[in-house]
Ligand SMILES: [Zn+2]
């Protein structure tokens, strides 16, 4: 049976339940200065609220250098009663200071970091104690990122490392797109046999484009649910309806990506990490029925994460 590596060990794809496919449980980046969050108790409260909304797996797409806390993720997973799939990889350039080591080291070293995270365990170097403490908490997915309408020279090197890590380990790859751009170019850069999920496609709600990308085998994640400044949730219902009518709903996953302190209810913000289960899924079920909910929340993410159909 195909298994998915979670922060507390391998879990069969069939046991993941409903999956929030794009989340951040701890985050610190110069691109969102002042919106960092790292408090384990508050993140555990958010994750417990997600669990209470019927979602039992959270995919944390926080890659190298953005404040991952591997040991705290494992503890949160146990305390909140959710599976957590952690990420390795490199985000788009804007998330790293100009002097960051990831811009300087060799291609071999870039790859070695990813392979260690995926096969041995992540360390807590993002939290900069006197020495990074290694853990046996393994990543289960590679996260990469592209800038708006272009892939920078650093991002291109990071794509090469991520693609090779995916080839060698068989783990899936999630890619940040800036405002839903460059989907085809990103797929061109990655191995056609890799399982690739494009994030934020609902920021560019172009159903024809989504159909083209899904027809190439890409998974799309609609992950601005509840973040109304990007548009009403109704546009995501419309996109899902259109993808279902085209026979492509099996390539779509859902998430909320509430990657800012100001979006978390534990810090007094909103809409909260649980908005997907609490607000959106009841609406989706009413609009398109329970089978489509089961498909996008359970069957499709299990296939993406594990590589095997349910
Ligand atoms: Zn994100």
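Just so it is clear, glycine is given a Cβ too, placed from its N, Cα and C backbone atoms.
In the three-state DSSP scheme, residue 22 (Zn(2+) 1 binding site) is classed as strand. Look at TrEMBL and you will find 22, 24, 143, 257 tagged as Zn(2+) 1 binding site.
Just so you know, the Cβ of residue 176 (Zn(2+) 2 binding site) picks up 23 other Cβ atoms within 10 Å once every protein chain is counted. Residue 176 (Zn(2+) 2 binding site) falls within a strand when secondary structure is assigned with DSSP. According to TrEMBL, the Zn(2+) 2 binding site annotation covers 143, 176, 200.
Applying an 8 A CB threshold to same-chain residues 6+ apart, the list for residue 143 (Zn(2+) 1 binding site) reads 61, 62, 63, 87, 88, 89, 90, 91, 162, 173, 174, 175, 176. For 143, the entry in TrEMBL reads N6-carboxylysine.
Summary of the Zn(2+) 2 site environment: with the site residues 143, 176, 200 set aside, the chain residues having Cβ atoms within 8 Å of the Cβ mean position are 22, 61, 91, 92, 144, 145, 174, 175, 177, 198, 199. Taking a Cβ cut-off of under 6 Å from any atom of ligand 1, the binding-site residues 143, 200, 257 reduce to 257. The Cβ of residue 22 (Zn(2+) 1 binding site) lies under 8 Å from the Cβ of 59, 61, 174, 199, 221, 223, 253, 255, 256, 257, each of which sits 6+ residues away along the same chain. Close to the recorded Zn(2+) 1 site, the chain also has 23, 59, 60, 61, 62, 87, 174, 176, 199, 223, 255, 259: residues not among 22, 24, 143, 257 whose Cβ is within 8 Å of the site's Cβ mean position. Neighbour list (residue 200 (Zn(2+) 2 binding site), Cβ cut-off 8 Å, at least 6 residues apart, same chain): 176, 177, 178, 179, 180, 221, 223, 224, 257. Residues near residue 24 (Zn(2+) 1 binding site) in space but far in sequence (CB under 8 A, at least 6 apart, same chain), listed by position: 60, 61, 62, 257, 258, 259.
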